[in-house]
Every structure is written in structure tokens, then in C-alpha cells.
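Q: The repeat 'PPR' annotation in TrEMBL covers 226-260, 288-322, 391-421, 422-456.
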Amino acid sequence: MAVRFKHPKQSLSLSSEYVNKFIKTQINLSKPPPKLWSDQHDAESFDPYNNNSAQILNLSHPILRILDSCTPNLKYFNQIHSQLILSGIFQHPLAAGRVVKKLCSSQLTLTHAVKIFENLETPDAFICNTIMKSFVNFDEPSKALFFYYDQMVKNGIFQNNYTFPILFKACADLGMVKEGKKIHAHIVKCGFELDLYTRNVLIHMYSVCWRIDDARKVFDLSSDSDLVTWNTMIDGYVKNGEVNFARRVFDVMPERDVFSWNSMLSGYVGIGDMEAANLLFMDMPSRDIVTWNCLLDGYANVGNVVAARSLFEQMDYQDVVSWTTLMALYVRLKDYGECLRLFDRLMQGRDIQPNEAILMSVLTACAHLGKLDLGKWIHSYISYSRRINPDTLLSTALLTMYAKCGQMDLAKEVFAQMPEKSVVSWNSMIMGYGTHGHGEEALETFMEMEKSGVMPNDATFVCVLSACTHSGMVLEGWWYFNVMTRVYRIEPKVEHYGCMVDLLGRAGLTRDSEDLIKNMPMDSGPALWGALLSACKTHSNVELGEIIAKRLIERDPEDIGSYVLLSNIYAAQERWDDVEKVRNMMVVKGIRKEAGSSLVQFANSNMWCFPEDVSVHKRNILCSMLNEMGAQIKCQSER
């Protein structure tokens with residue numbers, strides 16, 4: 001007896017649904033593929049289904065028009081790629097070239113272009129050149145060379161005269177002169193050595209790689225040279241420091257443009273020959289902003305602020321480079337007030353927005369002049385400006401400004417927000433704490449620096465030892481002085497010995513300071529003996545003070561500091577006859593002490609206060625205030 005099983009209803013339903021889907025799929029397959037464009041196109045377009053017709057394809061084809069107009073987005077591109085495959089024209093050289101060129105226009109899709117290349121049946125030199133040029137343009141020259149050897153040479157794709165300039169540019173960016181020479185030998189075999197474009201890039205490659213003699217050999221290969229050839233040779237000589245040879249080439253040029261003149265001008269500026277640079281500047285038939293900025297930079301490099309300012313005022317238009325150069329010059333010459341006046345003038349014009357370099361100069365000026373309000377305004381400007389990138393240098397300048405103005409809390413906030421902290425940033429924080437008497441915080445910051453993995457340098461230990469000096473931390477100072485030599489293998493310099501002499505001298509250990517100076521491996525110099533002399537004055541060590549003062553006076557008779565300190569030592573001991581002798585020595589030698597002064601900031605203006613400029617009434621007020629402050633300090637110390 002046979003048993004018959006019945007299928008469940010659910011199974012029947014699924015089977016019928018599967019059959020329906022299969023039928024729909026077959027119907028869809030019988031339809032023509034979907035189009036992203038209308039069927040109306042050029043009659044001469046490539047028709048993959050007509051085997052008898054010539055396979056002609058031009059840029060008016062609808063797919064290529066859409067490809068050229070689209071953005072290099074992979075999601076949208078994949079749809080176009082599908083249409084190219086379905087239409088049967090993907091392997092056509094023109095279509096493949098346009099696809100690769102579109103993908104190479106963005107760094108995000110460049111890798112996808114390489115994958116497309118690997119699936120091409122007959123790639124040509126144009127496609128390879130496009131990919132390699134994109135690698136070079138996107139600062140990946142090593143990938144361009146790798147692609148050349150791994151894809152182009154390996155697959156036997158014939159190179160053309162556009163291939164080698166790309167490779168030479170990659171070698172120049174990487175400084176790989178040996179690789180460049182190998183490719184140079186290859187172009188000689190291929191017969192492209194006399195190609196003008198190839199020669200120009202080859203001259204540039206050898207010049208950048210400091211092989212200027214080889215560049216000159218390539219230059220002399222043929223008389224068929226254009227303006228670019230001459231300019232490249234001059235620029236190569238200038239960058240290699242051969243200004244005289246550059247001038248010889250410049251003098252025999254058949255024609256010159258502004259780049260020729262600017263290259264020669266930058267050569268004279270680079271060697272500091274401002275007389276020749278100025279003569280060349282006066283002979284120039286036409287000048288651009290690069291010309292003016294080049295000469296301005298030359299005057300700034302030699303520190304000629306008068307000539308630099310005069311040239312700046314003669315310019316019809318000053319760009320951000322002009323302002324940056326002049327303001328940095330004033331900061332370097334410590335004319336901080338003029339730097340801030342230039343910044344006010346810049347901001348009033350509103351034509352040019354300050355960049356990071358300008359703000360660094362202004363912050364440096366604010367730090368030295370105590371312009372805390374302006375420094376805070378710049379901090380706000382940086383925070384709300386989308387153009388300014390608060391990098392490590394700018395952030396360090398900002399926290400240094402706060403530290404020098406005594407705002408260590410604000411300096412700490414800036415320091416904490418820095419994504420990357422350099423050794424200079426750590427040094428600024430340590431110095432800031434130390435200068436304002438926060439020795440423990442300075443040493444804690446140094447320990448955090450060690451934990452972070454940043455290697456301290458010799459300037460770091462100057463900051464640490466200075467912090468110990470200001471806080472009277474003698475034992476800690478000796479400890480870190482030994483750590484510097486034993487752990488970090490940093491040889492002490494005069495600055496480190498100076499901090500130790502000052503530290504020991506302030507603690508009254510003048511004899512130890514003297515022994516430290518005598519045992520120094522280098523010449524001590526007057527600064528260290530002057531610090532020790534100051535300590536002798538503080539702790540009334542008359543005998544040692546006399547010896548050191550006389551030694552300093554014999555060494556530098558024109559230095560007024562030694563006379564003043566010796567006079568103060570005698571005055572503290574009420575040896576008035578000796579005080580009078582010292583002052584008579586100063587009169588005989590024509591040495592006069594300049595009057596002391598103070599810089600006081602009121603609102604938005606500065607006022608220099610000199611003793612002779614102050615009235616009797618104001619003097620009495622100042623003396624009263626100082627006496628009151630001294631009494632309060634004395635009461636605090638007695639507690």
C-alpha cells in the first residue's frame with residue numbers, strides 16, 4: 001500500500017512565488033539595458049553591436065558627456081561605469097582614458113583609477129601618464145615611481161615624451177638623483193633626450209638634487225632652448241649658491257621675463273649683496289609683488305629697517321607677505337611698539353586679513369610690552385576665525401604671552417587645548433611658572449613632560465634651573481643639574497652654570513659659586529662673575545666682592561655694572577670713602593649711569609616714567625606707596 005504525502009500549503013506558496021520571480025527576471029533580461037541619457041546622439045558614435053561599421057567614438061557620445069560633467073563620486077561613477085560596460089565601449093581607448101582622467105581628478109578616487117587600469121585590456125601611455133601625474137600632484141611621488149616600474153615597464157607599455165618629465169619631477173621631489181640618472185639613461189636609449197620639455201624638467205631635477213654641473217651639461221646639449229630652459233638654469237644656479245654663474249647666463253639670455261629678473265634678484269638677496277640687488281631692482285623694466293617682497297626680505301635679513309620701511313612705503317600694494325616680513329623685522333630688532341602700530345594700521349585697512357605669522361609677531365610684542373588686553377583680543381580672533389589654524393607655533397606664542405603677563409591659568413588652558421605639544425611649548429610653561437615664583441608647579445610640569453615622552457633639551461634645563469633659582473630651591477637645583485648630565489647626557493653650557501651660580505649666590509653660598517665658576521670647562525665670562533658679585537652685595541661678602549669687582553673692571557673697564565655693584569657693597573658697610581673713590585673712577589673714565597625708567601600701561605596707551613620727569617608731588621605719592629608695600633611685605637615675612 002503506497003503512502004502519498006501532501007506538501008504543506010506554505011511550500012506551495014513559496015514555489016509559486018519563486019516561479020513568478022523567475023518569469024519576471026527573464027522578461028527583464030529580454031529588455032534593452034536602462035539608459036542614463038536619451039537615444040538621440042551623434043550618428044558617428046561607436047556602435048558595439050554593428051560589427052561591420054568602423055568603431056568610431058568621440059567626445060560627443062552621451063556617456064562621455066555625462067562622465068565629464070559629473071563629480072568624481074564613486075557611487076555615481078559606478079552607475080556610469082556599468083553603462084560603459086553594457087554599451088560595450090569601456091575598453092575603447094578614448095572611453096578608458098576619460099574614465100581614468102575623471103577618477104584621477106580627486107585624491108579620494110585615485111586608488112580606484114589604478115584598479116580600473118588593472119582591468120583594461122590594452123592600456124596606453126596616456127592613461128599611465130595621467131595616473132603618475134596625479135600621484136605627483138597629490139604629493140605621493142614614490143607611488144608614481146612604483147606605478148611606473150610595476151605597471152608600465154612590467155606590462156611593456158611604450159613610454160612617450162610626456163612620461164619622463166613626470167618621472168623626473170617625482171625624482172626631484174624625493175631627492176633621488178640616482179633614480180633620476182637611471183631614467184635619464186633610459187631616455188637616451190629611447191631618443192627623447194633632446195626633447196625640449198624633457199630637457200627642462202631634467203635640468204630642474206639635477207638642480208634640486210644639488211648636481212648643478214650635470215644640469216649645465218643637459219643645458220648645453222642643444223641650442224634649441226626656450227625661455228623656460230634659460231629660467232630653469234638661472235634658478236638652478238641661484239638655488240645652488242652659484243650667483244656669479246647665474247649672472248653669466250642671465251646676461252646672455254636672448255629674452256627675459258619678470259621671472260628671470262626675480263630669480264637673479266633672489267640670488268643677490270640670498271647672499272646678502274643688497275647693493276647689487278638694489279641696482280638690479282632699479283634696472284628692471286617691470287616689477288610685480290614678488291619683486292618688491294624679495295627686495296624687502298633682503299633688507300629684513302640684513303637688519304636694515306630704515307631701507308625696509310622706506311621700500312614698504314613705496315609699494316603701490318602691500319600683500320600679506322609684505323606685512324609679515326616688516327612686522328617680523330621689528331620684533332627681531334625688539335622694536336615691539338612699532339610692530340603693534342603696524343598691526344593697528346593693518347587692521348584699520350581691512351583689505352588684508354592677518355595670517356598666523358603676523359599674529360605670532362604681534363603676540364611676541366604683546367608679551368614683551370605686557371599688552372594683555374590686546375593679547376586676549378588676538379586669542380578671541382584666533383578662536384572665532386575660520387581662516388586661522390592654531391598650530392603648535394601659534395599656540396606656543398599665545399601661551400608664552402599669557403605666561404609673561406603673569407596669567408598662568410590662561411596659559412595652562414591654552415596648553416591643555418594643544419593637540420600636539422612641542423618641546424618649546426613645555427619650556428614656555430616651565431619658564432612661566434618659574435618666573436612667577438611657582439617653582440613646584442614648574443618641576444611638576446617638567447615631570448609631566450618626561451611622562452609624555454617629549455625629550456627635554458638644553459633650554460629645558462635652563463628653564464628648570466631658573467625656576468629653582470627664583471624659588472630658592474637649592475637642593476632641587478643641584479639634583480636637576482646632575483640629572484641633565486647623567487641621565488640626558490647634556491653638557492652644561494654657560495647658561496646652566498649661570499643659573500647655578502645665581503642659585504647658590506642667592507642662598508648665600510658664595511664660596512661654592514666661586515668654586516663652580518673656577519671649575520667650569522669653558523671660559524666663564526663676565527656674566528657669571530657679575531651674578532656672583534651681585535650675590536656678594538646681597539649677603540655683604542665684602543672681601544670676595546672686592547676681588548671679583550676688581551677682576552671685572554680690569555676685564556671690561558667700560559661696564560658700569562661692576563662699578564655700581566662695588567659701590568653698593570661699600571655703601572652697605574658704610575665705607576663712604578671707598579664709595580667716593582669708585583664714583584671718582586667712573587667720572588674719570590666718563591662712565592655715567594643712565595636713569596632708571598618704568599613702563600606703565602594706562603588703558604590703551606603706554607607711559608615711560610623717568611625720575612627727572614616726575615613732579616615732587618608725584619614722587620611723594622610714589623614713595624608713600626612703596627613704603628607701604630615694603631611694610632606689608634615685611635609683616636608677611638615675619639609671620
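Backbone N, Cα and C atoms are what each Cβ position is placed from, and that goes for glycine too.
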Q: By a Cβ-Cβ criterion of under 8 Å, what residues six or more beyond either terminus of the repeat 'PPR' (288-322) are in contact with it?
A: 258, 261-262, 265-266, 268-269, 272, 274, 277-278, 281, 328-330, 332-333, 335, 352-355, 358
Q: Can you tell me how the residues of the repeat 'PPR' (226-260) break down into helix, strand and coil by DSSP?
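A: Breakdown, helix to coil: 25 helix, 0 strand, 10 coil.
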Q: Taking every residue in the repeat 'PPR' (226-260), what is their average pLDDT?
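A: Summarising the repeat 'PPR' (226-260) by its mean pLDDT gives 94.
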Q: Could you give the residue numbers and ranges of same-chain residues that sit at least 6 residues beyond the repeat 'PPR' (391-421) on either side and whose C-beta is under 8 angstroms from one of its C-beta atoms?
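A: Non-local partners: 356, 359-360, 363-364, 366-368, 370, 372, 375, 378-379, 382, 428-429, 431-433, 435-436, 438, 441, 452, 454.
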